[in-house]
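Peer 1: Reproduced below are the annotations present in TrEMBL:
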COMPBIAS  1-10  compositional bias 'Basic and acidic residues'
COMPBIAS  11-23  compositional bias 'Basic residues'
COMPBIAS  32-41  compositional bias 'Basic residues'
COMPBIAS  42-61  compositional bias 'Basic and acidic residues'
DOMAIN    66-250  domain 'SAM-dependent MTase TRM10-type'
REGION    1-71  region 'Disordered'
Amino acid sequence: MDQLQEENKLSKKQQKKLAKKQKQKEYFKEKKILKKQIKKQQKQEQKSNQDQDNKQPNQEKQHKKPRDQYQQEMKNSIKVIIDLQFMNQMTIQEKTSLYKQIELCHSINFKSQKPLNLIVTSLTEDFKLLLDKSNAVNWGIELNEKPYIDLYKKEELVYLTGDTDNVIEDLKQDEVYIIGGLVDHNRLKLITYNKALEQGINTKKLPINLNLKTSSILTVNQVFEILLRRNNGEDWVDSIQNTIPKRKLA
């Protein structure tokens, strides 16, 4: 009761100053936790890379190609966006998981003979901190702080969501495909579908007709890999079966 009376005695200016101080405290606390997560992940990745190098020392050299070549190949290819406009609804752990998935998207795209034009939009400051730790600015992909709706015409955009009835038939050069940057779809059901409806843009879903043992919800990197395989000549069935882990297939 005494604390409440003390707060009521504060002027509006003092109350605002106190609220700002508390907000900054929470921000730096979250930033500290995020840095710990990154440091831990980097150690795990370093160990994994060392083990891989010991097993196949020449494999990485075979896959390497100049970044300029990679960027040119992407520039002429079909655009696939990873939408980061849901960051304020995600936990630190979910953001870290999504960062890892985007890193996987870039990795398989870079090694592909026909890479897709990988674009990240609505890039936030905290997620940029994650990407900076992997030197993402040198990946060669487009990292944009603006939302996709400000970058492309509505008629070009296609949001990929399992909640629509429209099935994608094939990838088209004049369409821009959007993958929602989400990790826990069960907690945020229909969020991408409803967003697309509100924005007045088209929605499509992958032609997944397989019987899955678990949820048919795929990770960001799995959706991207299916699109990448299709872009490299595999049909939809092979693209999906070669991406989804066998343990999930009935």
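Glycine residues also receive a Cβ, built from the backbone N, Cα and C atoms like all the rest.
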Peer 1: Under 8 Å between C-beta atoms and at least six residues away from its ends: which parts of the chain pack against the compositional bias 'Basic residues' (11-23)?
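Peer 2: Result: none.
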Peer 1: With DSSP, how much of the compositional bias 'Basic residues' (11-23) is helix, how much strand and how much coil, in residues?
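Peer 2: Taking the compositional bias 'Basic residues' (11-23) as a whole: 12 helix, 0 strand, 1 coil.
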Peer 1: Taking all residues of the domain 'SAM-dependent MTase TRM10-type' (66-250) together, what is their mean pLDDT?
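Peer 2: Taking every residue in the domain 'SAM-dependent MTase TRM10-type' (66-250) and averaging pLDDT yields 89.
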